[in-house]
């Protein structure tokens, strides 16, 4: 039996999961997306060349790696084919190596229309969604009206279900939001055309992964977004529409939980958040501006600037607890080079009481006042460092303090965007 690894974000997303998934596929022979949609991009740098993937797993740049989209992913046919075309134009043989689960719900134009109409109607109270139809598609799944990938193989059933859904969504769009209706005929024609390209990629992903595991093939499960955006465990309602935690890999890919052997928690050396919602350690000052500029903190899909702040160890403790994190990978350590001092949030004052872990819900998190430790920064560079002993002493001390406060080992340190700019203390695949 193989040793399989789940990679998850432990903050509010944007931790740098794409680079590490790409790096880990030097050993993994299969990579699986198990939740989310094309609302988050994973940025890969190989030999100085940038590639952003949104739906296709980050292992696609390795020609000997099989890639899978599990049933927990909501799939936009248009976004998928656009991404495949971009990859293949760059010389990556994507479609031949990608398998899509039959149970993936389809994101269609009415989901996008409703998503955007809702956000516009909320004004200043908006959640900050990407407007790509992710939430409404998950709503359809729970309401048992979703059109799924398997429906593409039965045109008559697809037409019937599509007509019902278009009527339902147009009622909402025109009556509740005074928005333009969507065209049933256009959606049907466009989707059926795209279906001819998608159907050859459809497979029994659950059974295929089970067989690969039995054959001893190392599998990597690639999470999207981050634990603090999880629909159940995040700062609700300022969350995404899916479960972003390690446990979601089992239902989202159709595998038993016993197949998940090691959980790698990805965390930046500082904290960022996109969109609305509480952020206790946010720095709306020169420190935040420094981190944003040095870290190039802009969304890879949306282009939205990210809010920046100090490392929140109390929030990380919550993520470690929920995910059962085996080891941490600290990203973007090099961004902090040159800071005279670094603050580390070890807990909060909440209603006059000291708490050492992130509380539940956005109301409580909004009231949290961070309690900081101040550590000395470092003047030496960490850029491109590949050995622990070559890190500045204060950088080593910072990472060790994170381990002590959070209770999980730092197994990997990233010192730059490229694959090779990585320090490995313990390999997730046991190498």
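Keep in mind that glycine also has a Cβ here, set from the backbone N, Cα and C atoms.
Of all Cβ atoms in the shown protein chains, 27 besides its own fall within 10 Å of the Cβ of residue 14 (active site, proton acceptor). Residues or ranges marked as active site, proton acceptor in Swiss-Prot (evidence: sequence analysis): 14.
Over all protein chains present, the Cβ of residue 42 (active site, proton donor) has 25 other Cβ atoms lying within 10 Å. Residue 42 (active site, proton donor) falls within a strand when secondary structure is assigned with DSSP. The annotation active site, proton donor is assigned in Swiss-Prot to 42 on the grounds of sequence analysis.
If you look up Swiss-Prot, you'll see 13-19, 41-43, 306, 332-334, 414-416 marked as GTP binding site. Close to residue 16 (GTP binding site) in the fold, though at least 6 residues off in sequence, lie 43, 266, 268, 331, 332, 414, each with a CB less than 8 Å from its CB.
Under the three-state DSSP scheme, residue 14 (active site, proton acceptor) falls in the coil class. The annotation Mg(2+) binding site is assigned in Swiss-Prot to 14, 41 on the grounds of sequence analysis.
Here Swiss-Prot flags 14, 15, 16, 17, 39, 40, 41, 42, 130, 144, 225, 240, 304 as IMP binding site. Counting every protein chain shown, 19 other Cβ atoms lie within 10 Å of the Cβ of residue 41 (Mg(2+) binding site).
Among the features that Swiss-Prot reports, substrate binding site is placed at 300, 301, 302, 303, 304, 305, 306, with the record citing sequence analysis. Non-local contacts of residue 304 (IMP binding site) by the CB criterion (under 8 A, 6+ apart in sequence, same chain) comprise 274, 275, 298.
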Nearest of the recorded positions (39, 42, 130, 303, 305) to residue 19 (GTP binding site) - Cα to Cα: 42
Pairwise Cα distance for residue 415 (GTP binding site)/residue 303 (substrate binding site) [Å, integer]: 23
For the binding-site residues 19, 306, the one whose C-beta sees the most other C-beta atoms within 10 angstroms: 19
Packing count at residue 43 (GTP binding site) (other Cβ atoms within 10 Å of its Cβ): 20
Maximal Cα-Cα distance (Å) across residues annotated as binding IMP, namely 14, 15, 16, 17, 39, 40, 41, 42, 130, 144, 225, 240, 304: 34
